[in-house]
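**Student:** The following block contains the structure, expressed as structure tokens.
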Amino acid sequence: MTISPPEREEKKARVIVDNDPVPTSFERWAKPGHFDRSLARGPKTTTWIWNLHALAHDFDTHTSDLEDISRKIFSAHFGHLAVVMVWLSGMIFHGAKFSNYEAWLSDPLNVKPSAQVVWPIVGQDILNGDVGGGFHGIQITSGLFQVWRGWGITNSFQLYVTAIGGLVLAGLFLFAGWFHYHKRAPKLEWFQNVESMLNHHLQVLLGCGSLGWAGHLIHVSAPTNKLLDAGVALKDIPLPHEFILNKDLLTELYPSFAAGLAPFFTLNWGQYADFLTFKGGLNPVTGGLWMTDIAHHHLAIAVLFIVAGHQYRTNWGIGHSIREILENHKGPFTGEGHKGLYENLTTSWHAQLATNLAFLGSLTIIIAHHMYAMPPYPYLATDYATQLCIFTHHIWIGGFLIVGGAAHAAIFMVRDYDPVVNQNNVLDRVLRHRDAIISHLNWVCIFLGFHSFGLYIHNDTMRALGRPQDLFSDTGIQLQPVFAQWIQNIHALAPGTTAPNALEPVSYVFGGGILAVGGKVAAAPIALGTADFLIHHIHAFTIHVTVLILLKGVLYARSSRLIPDKANLGFRFPCDGPGRGGTCQVSGWDHVFLGLFWMYNSLSIVIFHFSWKMQSDVWGTVDADGTVTHITGGNFAQSAITINGWLRDFLWAQATQVINSYGSALSAYGLLFLGAHFVWAFSLMFLFSGRGYWQELIESIVWAHNKLKVAPAIQPRALSIIQGRAVGVAHYLLGGIATTWAFFHAHILSVG
């Protein structure tokens, strides 16, 4: 254990604030561009409004004072939380006022969730489809009903109260954001005190947060869900406060409650095994994880995080110092190792944000897979439309976060990187052999691209020539994903050894039986074959290209052979000035711009793979004799092995519903499908445009206005190159995502 000298410890964990550092001035805030001297002068050209949006949240450009930047970010976090609370409150309010939640609760297998009723202004009420239970509305696929049932909400009054609570929290967060910037603003050393921050985040936020949630799950969710599963009528289920205040109600369901806390203090914890379970698998009534397993998990997580929060050295001379951990972290081939990273992460919020976004984005994609492999909420697994939508949602959110990680890493390199601090450490060494990294990665991308695409081209050719025996397929030349099958197998078998007390395997997707709920498949083993091997290599190709673009942007953000002084040009610039041809699209920003297209590219294929695979091999109905009928009848293995198969049997075949939706409750998706294609096509006008073309056009239009004496005071300007690209990529992604939304929804709501 390390004992530290007192002089280095005296500044730890003292809450240090400045009083009233920045006056609250509505007059100042009302002036557009008040944060930037040149913007505050007002608009001379139309470029002003673009710069206003570009710089409003770019705190680095408002001031170079790290303390003030830190306070602005901290305060903005509270504002962000307030917005999230208002947003959640609005959704919960819809559930209370405009939904069929209680009808769904009493018959979740036959009633579909709806929380939006369209007003009949010019006939829009056609969108209010019959969702069962005598209710007409738009079917929602957000999974909120399943979440609310998991929470233990049994009536709409509870939803009203929760919605009001969300608004109260939003108000508190707004107040906190104002208070901690204008009244009591933390000093820089408070933001840089990483050990105290880790203690607070790990123990209080994650540890106590999980502990509090475990308490809710044990005292409210588990008993409520147990009664709902048993078919008890909603009006007969005790309310949450009754479970909490009347121990007898819980004792009836979980007898160990009668023993109170005695088993806890006598270390006889096994007595609590009736509500802290280790069942594994899914609840056969709801197709969701066991509520008591989830409670057990959150209790364990809480213990881990509370212990983790005690590891770091603050007021007392015991525990770890992050700086010491980093500076001692040297390997035989890493030079100075992690020396200097502490300075990077405590003086650059971009560096901090880049790592957080990369981790959180990766985690979000992992969550997408958990939602079908281990469905956490009751009746989620059999609501195929919701399953497809939350998978797609988490995949895309994860992609955006990862690209954001690369963006802020590049901004860190341009604005915050200090070569003096990073001498022969891991970051410096990576930068010094970046050519080897990028050229090898480029080779990998070319290899993967030609080989993965080549397998499909081979199959299309053989099928065109009528030679099925020569296809790469499960019935022709097999290319079985043997490593993936091996991993599935060991995960199916391992729990017998690693978790001998669990009653069921962790997830049915690795192997085991089919779980049906109400005649629909909730979970089943996902067998992998040649078709998955082929598409997996397309995934590998597109992900590697995305990484190539983003990593090149980060590693060459400060300099390159082409532009050695790139750091002086900033994070975003169109070209290296007039007179140097061939230097466009090299800025850090441009790599993010290009990376976004490949992110969208790669993740579209991921969600297409998931959608078709699940409809073909997992989702479907189960007859009384156990016969399973899948939605697309198992056509994935033979159709997904050719490009023509993807076009004909997936895109075209499954677009039937959206194309034929006019005149039905799904017609909005038909309009969206059309409109989003237009938005996507509109983006190309910005992406394939020349700035001079538009400037010439604008000047002739301004001439005409001058002739008529109606010339504008603010001079119109064509979009800059970067503005055009930003508008283009935004519409490209919006159009693409909304097209996919309409395509998926119309199809899965019809057949699912």
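Using the three backbone atoms N, Cα and C, a Cβ is placed for every residue, glycine included.
According to Swiss-Prot, the [4Fe-4S] cluster binding site annotation covers Cys575, Cys584, on the basis of sequence analysis. Per Swiss-Prot, the feature chlorophyll a' binding site maps to His677. What Swiss-Prot lists as chlorophyll a binding site is Met685, Tyr693. For Trp694, the entry in Swiss-Prot reads phylloquinone binding site. Residues annotated as transmembrane segment in Swiss-Prot, with sequence analysis given as evidence: 73-96, 159-182, 198-222, 294-312, 349-372, 388-414, 436-458, 533-551, 591-612, 666-688, 726-746.
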**Student:** Considering the binding-site residues Cys575, Cys584, Met685, which residue's Cβ sits among the greatest number of other Cβ atoms within 10 Å?
**Tutor:** Cys575
**Student:** Cβ pairs under 8 Å with the transmembrane segment (533-551): which stretch of 294-312, 388-414, 591-612, 666-688 has the most?
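**Tutor:** By Cβ pairs under 8 Å, 591-612 leads among 294-312, 388-414, 591-612, 666-688.
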**Student:** Nearest to Met685 (chlorophyll a binding site) by Cα distance: which of the binding-site residues Cys575, Cys584, His677, Trp694 is it?
**Tutor:** Trp694
**Student:** Look at the binding-site residues Tyr693, Trp694 and tell me which residue has the greatest number of other C-beta atoms within 10 angstroms of its C-beta.
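**Tutor:** Counting every other Cβ within 10 Å of each candidate, the maximum falls on Trp694.
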**Student:** Work out how many Å separate Tyr693 (chlorophyll a binding site) and Cys575 ([4Fe-4S] cluster binding site) at their Cα atoms, rounded off.
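**Tutor:** Rounded to the nearest whole number, the Cα-Cα distance is 18 Å.
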**Student:** Ranking 73-96, 198-222, 294-312, 591-612, 666-688 by Cβ pairs under 8 Å to the transmembrane segment (159-182), which is first?
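**Tutor:** The stretch with the most close Cβ contacts to the transmembrane segment (159-182) is 73-96.
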**Student:** Taking the Cβ of His677 (chlorophyll a' binding site) as the centre, count every other Cβ atom within 10 Å, in any protein chain shown.
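**Tutor:** 15, counting other Cβ atoms within 10 Å of His677 (chlorophyll a' binding site).
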**Student:** Would you mind listing the long-range same-chain contacts of the transmembrane segment (591-612), meaning Cβ under 8 Å and 6+ residues beyond its ends?
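**Tutor:** Distant Cβ neighbours of the transmembrane segment (591-612) are 372, 388, 391-392, 395-396, 399-400, 402-403, 406-407, 410, 532, 535, 538-539, 542-543, 545-546, 549-550, 552-554, 557, 585, 632, 636, 640, 646, 650, 654, 725-726, 729, 732-733, 736-737, 740, 744, 748.
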**Student:** By a Cβ-Cβ criterion of under 8 Å, what residues six or more beyond either terminus of the transmembrane segment (198-222) are in contact with it?
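**Tutor:** Sequence-distant neighbours of the transmembrane segment (198-222): 150-152, 240, 243-244, 250, 253-254, 275-276, 291-292, 294-295, 298-299, 301-306, 308-312, 314, 322.
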**Student:** Please report the DSSP secondary structure of His677 (chlorophyll a' binding site), reduced to three states.
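**Tutor:** The three-state answer is helix.
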**Student:** Between Cys575 ([4Fe-4S] cluster binding site) and His677 (chlorophyll a' binding site), what C-alpha distance do you get in Å?
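**Tutor:** Computed Cα spacing between Cys575 ([4Fe-4S] cluster binding site) and His677 (chlorophyll a' binding site) is 31 Å.
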**Student:** At the level of the C-alpha atoms, what whole-angstrom distance separates Cys584 ([4Fe-4S] cluster binding site) and the residue listed as 'phylloquinone binding site'?
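**Tutor:** Rounded to the nearest whole number, the Cα-Cα distance is 19 Å.
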**Student:** Sorry to bug you, but what's the C-alpha spacing from Trp694 (phylloquinone binding site) to His677 (chlorophyll a' binding site), rounded to the closest Å?
**Tutor:** 24
